[in-house]
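Since the structure comes first, as C-alpha cells, the remarks are kept for the end.
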C-alpha cells in the first residue's frame, strides 16, 4: 500500500512538472526604479509588460489591476480583464485588448487626481501560471507663480514686492530672492528683508505660499534686477520672475542735510520742547488711562483666541494674512484691509467676497473671525474697540440695492468654507475678563459669492 501511494505521488509530480514546462515561463515587468511620476489631471499610463515563452492568447488569460493608497493599507480593485469580460472599477480605466496581444498590459487612467497616488499592482494569470509586479505612482502639481508690487501701507521710497506661488503639490517648496546689479552682474541671493508666509492648503489638496521682499529704493542702485526663484519637484527648471528697479526719487545729500540742520537747529529745539510739553506731558495721564487697555481687532482675536471655534486654523496664518496678504488685495468700493484688522462691516464683506471670487477658500475662515468678533459687542467692549467701527462708515453695503436693507443687523455665518477653522505667533498680553464662546457654523460645500445681510 505504501509503495502504491508513493508511486501515485511521484506520477502526480511528474505530470505537474510536465505541465509547467509546457506552459513556459511567465514574467511581469513594471517601470524601472519602481516609481512613476505624473502631473495632476494628466492622462497617465501605468506600464506593465508581460513576457511569456509562448504566444499570448488573451481569451485564456486574465489581467487585474489593484491600488493601495498612501493613507490606507488596503488594496482596491481598479480594473479587471478575463477573456471577453472586462470591468473598470475606476471611471475611464482601461487595458487595451489589442496591445495585450503583444504583451502590453499597461493601465490607462484619464484625469489622474492627487488621491489616486499610491502603489499599483499588475497581476497576470496565464493558466496555470501567475505573475505580478508593483509600482509607486506619484502625482505632482506644478506651481503657478506671479510677482506683483503691493503699494498699500508703504512709505515713500519703499516697495513691498510679493511673489505668490499657488496650486502646487506636494507641499515642499523653496522660494529665494536674488539681485543683479550693473556693478556685480552675477546674481546673489538676498537674505535680509525677506518674509515667506506659511503654506496654505487649498480645498483640492494643493498648496499656496507667498514670499515678500521689502526694498528701500533710495538705498538701491537704479537698474538693479531682482528675481524671485521658485523650486519645486514638479518643475524641470525653476520658475523665475524678474523686475527692474527704476530711478529712486531725489533725496538730500548728507552735506545738504547737515547745512540745513546747522542753520535752523535752535528754533527747531525750542519748538520741539514746546510740542513735548503741550502734546505729550499735559494729556499724558488721560491718554494712558484711555488707551492702555485698548486692542486692535487682530490683537483682540489673538488675545481671546479660546473664545473662538478655531478648529484647525493657525495663529501664524491669521497674522500673515492680516498684516501681509490682505492689505495688498484690491477690494471693491474703495475698501482696503488695514494690517491691524477691521470690524467695519463693509471692509469685512468686501474682503470676504474678494477671497471667494478669487478662489482663496482657505482664507475665508480667517475672515469669518472678524465677522464673529464684530457680532459680539461684549467682546468688542472688553477690547475697547472703537464703537464707530461697528457701523457702516464707508463703501457700499452688499445689500444696498435691496429694498429691505434699511437696517443693518448682525450677519449670519452660515456661508463659511468647508473644513474651515478660525485662526495666527502668540504675543503675550494681559489676561482679559471671561468672554462668551463664539462658534461660527461651517457648511459642507463651497458657499456662494454673495453675502446678504439678514
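Each Cβ is built from the backbone N, Cα and C atoms, and glycine gets one as well.
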From the ranges 263-283, 284-304, 305-325, pick the one that Swiss-Prot records as transmembrane segment.
263-283
Out of 127-130, 131-134, 135-138, 139-142, which range is noted as region 'Interaction with NCR3' by Swiss-Prot?
127-130
Can you dig out which of the ranges 55-58, 59-62, 63-66 Swiss-Prot describes as region 'Interaction with NCR3'?
59-62
Under 8 Å by Cβ from residue 48 (disulfide bond), counting only residues of that chain that are 6 or more apart
28, 29, 30, 65, 104, 105, 106, 107, 122, 124, 133
Three states by DSSP: which one describes residue 48 (disulfide bond)?
coil
Considering every residue in the region 'Retroviral-Gag-like' (291-429), what is the mean pLDDT value?
71
For the domain 'Ig-like V-type' (27-138), residues assigned helix / strand / coil by DSSP:
10 helix, 60 strand, 42 coil
